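A quick write-up on the structure given underneath.
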Amino acid sequence: MPVRCQQSPVLAGSATLAALGALALYFAEPSGYGKYTESLTPAAIRLPARAAWFLQELPSFVVPAGILAGQPRSLFGPPATVLLGLFCAHYFHRTFVYSLLTRGRPFPVVFLFRGFVFCMGNGLLQGYYLVYCAEYPAEWYTDIRFSLGVFLFILGMGINIHSDYILRQLRKPGEVIYKIPQGGLFTYVSGANFLGEIIEWIGYALATWSLPALAFAFFSLCFLGLRAFHHHRFYVKMFEDYPKSRKALIPFIF
């Protein structure tokens, strides 16, 4: 039996994403993992960072990839399946590459569970909308929104991957000490990796021209932007020689 688009869950899911982003800004507290594990969740049960990131990110790849697997195979299929393929590409990297290379601190299980639920819900929302609800004209591939959006997505993903590489090189295996990131966009901002991912999802929202993607981009801006702000404040307090001209997220501005 074919699946038909139901707008109510799409609207509810999009509203939930936007609300979560707004709540993150309202409370303005750092999430209790990474740099903030010891101060915010000292007694939490934890998993090794690699296992935790793998488990958390996995549903963001598996759920939409499973939806895509049921669609007709073609190199350049309908725009919706190509766009969902970009989403899957990001989370393939996060699940199978980033998680296996990260050298972060042990991860609190409570945040792993929250992240897992979020990733599953968001993966289902984006996949369901694009495959069963989205309608694009045949000329969407030549539309400026698609072209510019895909360009921003690829640019942001490149910035994100390169910035993560710089951060990994700051530590030897087993180290948990902090050093000042140098190079790439870290020359200008403390949250270069977060900026890259925000650019990705803004590009994705533009390319898909969809409410769920816009809501996810808004959530990413709020959540990752706030995390960049807290990282910047952390670095400024920890290092007396931290570059004075470096901003938190947006070069020369914020």
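Each residue, glycine too, has its Cβ placed from N, Cα and C.
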Seminar exercise, completed: Matching 41-61, 146-166 to Swiss-Prot annotations, transmembrane segment lands on 146-166
Seminar exercise, completed: When Swiss-Prot is consulted, the range among 72-92, 114-134 described as transmembrane segment turns out to be 72-92
Exercise. Do any residues of this chain, six or more beyond the ends of the transmembrane segment (146-166), have a C-beta under 8 angstroms from a C-beta of it, and if so which?
Worked result: 79, 86, 89-90, 93, 98, 101-102, 140, 181-186, 192-193, 195-209
For this session: Could you give the residue numbers and ranges of same-chain residues that sit at least 6 residues beyond the transmembrane segment (8-28) on either side and whose C-beta is under 8 angstroms from one of its C-beta atoms?
Result: 118, 121-122, 124-125, 128-129, 133, 211-212, 214-216, 218-223, 226
